[in-house]
Amino acid sequence: MDSLPDSFNPSKRLKEEFVSNLTGSSILEIVALSTNVSILILLRHCFASNHLIDVSLKKSDNEIVCSKDWRAYMASMAFDFLVIVFPMILFLTVLADWTYLCTVLLTMLLFLSMAAKRLNLSGSYSPTLEGGIDSLRTIILSYRFSVMIVTCLSILAVDFRIFPRKYAKTETYGTGLMDLGVGSFVLVNSLVSRQARNISSMSWKTGLQSTSPLIVLGFVRLVSTAGVDYQVHVSEYGVHWNFFFTLAAISILTHAIHVPPQYSGILGLLVLVGYQICLMNGLNLYLISDERGTDILSQNKEGFFSIFGYWGLYLLGVQLGNYLFFGKHSSAGMRRNRWATIRVWILSLLFWTVTVLLDRHVERVSRRMCNVAYITMVLAQNFQVMSIIMLSAYVPGSKTSILEEAFNRNLLSVFLLANLFTGLVNLSVDTLSVSSVAALFILVVYASVLSAVVGIADFHGIRLKFW
């Protein structure tokens, strides 16, 4: 009888080394790549609309009901994939050395598409500058989708050699594309959170109930990765910590220390400044040291101390979300897309400027420590993406797509599903030894299956839930 394999994951050590000791890319390249992602979404909006999805069915002489046409729905999903997802895969792999050229070409294509569309409309089109709540919803929807789709593609692509090491997470200091993942997820949730909308805070019991799924997912992740000997980059969070524990900790702190959204940014700044002072007075040396004690805190020092950075980011996001989207002034100002776009562009430029200054004169950007320079970079990149997407008011055509809607209705579940598929691929394929062609094929199939599962579930009105 054959003996059982020593490990489900014989390439574990090599895969961990493959994503270790990396320094990232330049800030300018992050700006260009983020621009490409945003323009792809605008191009999809410009190319077609979704009016064929809903069809009217005459049930009786006096009753007409609406139904979704299956073939039109799947055709639209396929078109979304070809225009948005497939080019993203190429930008993250075979076209990575031509990022700036792609930015120029995509920008030209967007302007040409807009011009052609307006000519076809024979002058009947005018920008929707008074979009109101519906316009706000579509902007946030597209922005959240952009964060999620890049995250889902990157978490698998990083295990293949076709994915540039400059886009992977940095070891200690630097600016890699994947460094933005966790921070972007935290910011996405804070901008439209209950706190940002100034909805009355939940009771402790309700707060714990809403946090408990994240804690459960954290332990499930911990047990499952240990059970199959899955590769874990220890310097990312620590030995036992993971992304879900970070989200749970932020939720607990937010419920424990509740401040009005108009002032949460002040508390966030105090937390971040205090944390940065601690970092510059020796905490950073402790966090980047490879030495670990036997206690639970030392074993998970990166995950534990970075909570302060992510919580500060969340608090800033709450006040910015309230100011931009839900505050008293928003009904008079932010509902005018022209002023909305200007404000978000200013914030993006401001945060990029502050990031460069902090990176050069205070402390380099560090996702591992979640320092202030990292926080401002996350804010800058996310507001940059949002500012470009807000130009959809000037783009003739649909303001959203089927794939965007489907992903947004199942945001956290999509991320869990992507992690599940990523694990299955890694345990089934030696990702380090496959050719570039095979890697590209696997990534396209993975993205296609993920999109199809989410889309089919959404078509039938099924909400994907793992808890």
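Just so you know, the numbers here start at 1 and follow the chain as drawn.
Here the Cβ of each residue, glycine as well, is placed from N, Cα and C on the backbone.
TrEMBL lists 72-92, 145-163, 175-193, 214-233, 239-259, 266-288, 308-327, 339-358, 373-395, 407-425, 437-457 with the feature transmembrane segment.
When Cβ distances are compared across the two stretches, the transmembrane segment (373-395) makes contact with the transmembrane segment (308-327), since 3 or more pairs at least 6 residues apart fall below 8 angstroms. Against the transmembrane segment (72-92), stretch 437-457 shows more Cβ pairs under 8 Å than any other of 145-163, 175-193, 214-233, 407-425, 437-457. The recorded stretches the transmembrane segment (145-163) and the transmembrane segment (266-288) do not share 3+ CB pairs below 8 A when only pairs 6 or more apart in sequence are counted, and are therefore not in contact. Outside the transmembrane segment (239-259), and at least 6 residues removed from its termini, the chain residues within Cβ reach (under 8 Å) are 182, 185-186, 195, 201-202, 204, 207-208, 210-211, 214-215, 217-218, 221-222, 267, 292, 296, 299-300, 302-304, 306-307, 310-311, 314-315. Remark: the transmembrane segment (407-425) makes no contact with the transmembrane segment (266-288), by the rule of 3 or more CB pairs under 8 A. Same-chain residues lying 6+ beyond the ends of the transmembrane segment (308-327) with a Cβ under 8 Å from its Cβ atoms: 136, 140, 182-183, 186-187, 189-193, 195-198, 246, 249-250, 253-254, 259, 261-269, 271-272, 274-275, 334, 340, 343-344, 347, 369-372, 374-375, 378-379.
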